[in-house]
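Working notes, structure below.
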Amino acid sequence: MSGGEAIPDNPPADREPPSELESGRRLRRLPGHGGRHDLIKDGVGWGLTARLAFQSLGVVYGDIGTSPMYLYASTFSDGIKHDDDVLGVLSLILYTLTLIPLVKYGFVVLRATHNGEGGTFALYSLICKHARVGLQGQPTIEDEEDEEDEDQKNEVSKDAREMASRLKSKLEDSQFAKYALLVASMFCAAMVIGDGVLTPCISETVVGISIVILIGLFAAQRLGTERVGSCFAPVMCVWFAINGGIGLYNLLKYDPSVVRALDPRYIVRYFSRNGKEAWISLGGVVLATTGSEAMFADVGHFSVRAVQLSMCVVVYPALVLAYLGQVAFLTKNPHLVADAFFKSIPGTLYWPVFVVAILASVIASQALISGTFSIVQQSHSMGCFPPVTIVHTSSKSPGQIYVPEVNWLLMVACVAVTVGFQTTAGICNAYGMAVVMVMVITTSFLVLIMVMIWKVNLLLVVSFVATIGTTELAYLTSVLYKFPQGGYLPLTFAGVLMLIMYTWSDVQRRRHHYELHHRISPDEDSIGAGATTHQSLSRLPGIAVFHSDGDPAPLHGIPPVFKHYVANIPALHSVVVLVSIRTVHVARVRVEERMTFSRVGPPEMRMYRCVARYGYEDGRRRSGESGHVAFEEMLVKVLMEFVRANAMGLELVEEIEVIQRAWDDGVVHLIGEYEMIAGEGSGFWKRLLVDWGYSLLGKIVWRRSGPRVFDLPCSRTVRVGMTYQL
């Protein structure tokens, strides 16, 4: 099953079909359509939230939770030179941990989900929803109404509304801004996927886990987020309990006074003493925030409240105690900084903690792996990534998915990086670069959302930028210094992924405009668009189901490939149905709401348009012959109901007879296949992009293109090829 597409299920119940507008409204109100967190808002209860919060511990927080094992060693790579240096670094860690993972991600960024999904493309989609900055469309009326309702609910001030309006106008009027937002989204998404490569490597290197275990981790992904999270969550609960418990023990045993590091003057003194070396050490301190982006990227697998609950109740307190305890230990044992975590473990607990640490390090990889799946799905939905297999692993949570191709490619890349670097230091440098660049871009997008959508008071926006934004920029300058020591790696990953994403996005956008420009108006008397008229077309017995792949043209006109078909073969079946199959973001769509019909052209043409909507779970119970037969039966039954509701007298009788006779004669499925080439007079770069880059990607993924809702019968399937000169 590709792209979350579904296999048709049962025929509809006997009832009048709703109009397309009514059906669309009902679908938008289905539970779960807005994301997992909407279920909580609708009153499912805190019991479900607690269960999701527990599962999130095994998926979201493994990365940030294992940072205490190597943070101080990475920060003090040359040893501790002054007794108060550990207090300066501890102060940096505590304030950074509070500002970025807790405040920024936990309470600000998580508010910016779009349809329950997180990640950079969710932020980009949210901006596009409220301003015409997307390169492929404009916000709908429904989006604009939502914006007005939000203004009224929040009682936005006049100044904030005017500022939002000015920013919105500037973005909409700037073509550069539109491209910059899209490219920044692609870059950030590519960097997060790069994190998904580096996280398993750094985890494995720290604890000496073999490549076999790394492969086993990726093999377990097919079980789904819920099962993986349920298996990993108990381990991570024990891990955080160990971190908090040992941290508290060391704090009380060695030096409780290290809590004075809450005084930010220790940070000032640390930089005064060490200058450039203190600035370089920020590249190690930032590892305390690694995995923060996973809170947002993985939120679609759980819920906003679940992620917030686990962060505030379990993760943040445990990490604070862990870092305090290690510094208390280091004040008495500064020479052990290279292995501070394991040396600070009480002797009787060493081996149990060591075993749990190994397991936690393996689990640490899970956060960005799950996040990568979500980001790839979002990228594909935005037209920025080639088709991939999307396997929904839960009937209750739409966001819990598995992408086999991406999973195995990540595994190969992880093994290659682990073998290539072989040391933790180089991978840490590369990882820090990826983490901070994602944070900075996320903050930039968030400022636009705060001003334009949330209409936050300007003073609060300035305060947000002055604290969190400035902190992240400081870390960015530090990690850029380590570019030659491994920082180039995430940029290399991002460059390759961006090339793929931009190539696919650009050509799909050109295709979109080509189809809109060359579509046939449904009001035209000549369906053949000048080649023939409907009076001269030969009519063949049977029903022709002309599939489209979900592009906008079928909803607003007849796709160009149909014109191409009629112009070269001046014959149509006695009944023609233009079908556009959509998979909506719910588990199941009620059978009576799956299909909506409208008439195309004059009544005597017997042409109809059908929009068929399926949930991702609808396709798990029918396949092969039973799947397409059920679909055909449902199609004809709903078509007849549509005709009965929209025709009268002899016209009704005649039309029903034609449809019944065509059904008895059989159904043939026609599928369009497209070749994209650069148009005449195109420059070198356009030909390189379309004729070489897109063509290569198309050959790799061609088996996943077009509608594959179920296995169509080969004997009754006709593929119509057409070349688009873009």
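The backbone N, Cα and C atoms fix where each Cβ goes, glycine too.
Caution: TrEMBL annotation is automatic and unverified by curators.
Feature annotations, reproduced from TrEMBL:
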type	residues	note
COMPBIAS	12-25	compositional bias 'Basic and acidic residues'
COMPBIAS	141-152	compositional bias 'Acidic residues'
DOMAIN	52-521	domain 'K+ potassium transporter integral membrane'
DOMAIN	541-726	domain 'K+ potassium transporter C-terminal'
REGION	1-34	region 'Disordered'
REGION	138-159	region 'Disordered'
TRANSMEM	86-107	transmembrane segment
TRANSMEM	176-194	transmembrane segment
TRANSMEM	206-224	transmembrane segment
TRANSMEM	231-252	transmembrane segment
TRANSMEM	278-297	transmembrane segment
TRANSMEM	309-329	transmembrane segment
TRANSMEM	349-369	transmembrane segment
TRANSMEM	406-425	transmembrane segment
TRANSMEM	431-451	transmembrane segment
TRANSMEM	458-481	transmembrane segment
TRANSMEM	487-504	transmembrane segment
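Most Cβ pairs under 8 Å to the transmembrane segment (231-252), among the stretches 278-297, 309-329, 349-369, belong to 309-329. By the Cβ criterion (distance under 8 Å, sequence gap of 6 or more), the transmembrane segment (349-369) is not counted as touching the transmembrane segment (86-107), fewer than 3 such pairs being found. The transmembrane segment (458-481) and the transmembrane segment (309-329) are not in contact, since fewer than 3 Cβ pairs between them lie under 8 Å (pairs 6 or more apart in sequence). For the transmembrane segment (86-107), the list of distant contacts is 64, 71-72, 75-76, 80, 258, 260-264, 266-267, 269-271, 273, 278, 281-282, 285-286, 288-289, 291-293, 295-296, 307-308, 311-312, 316, 319-320, 323-324, 327, 330-331, 334, 439, 443, 467-468, 471-472, 475: same-chain residues at least six beyond its ends, Cβ to Cβ under 8 Å. In terms of C-beta pairs under 8 Å, the stretch of 309-329, 431-451, 487-504 lying closest in packing to the transmembrane segment (176-194) is 487-504. If you take every residue in the domain 'K+ potassium transporter C-terminal' (541-726) and average the pLDDT, you get 79.
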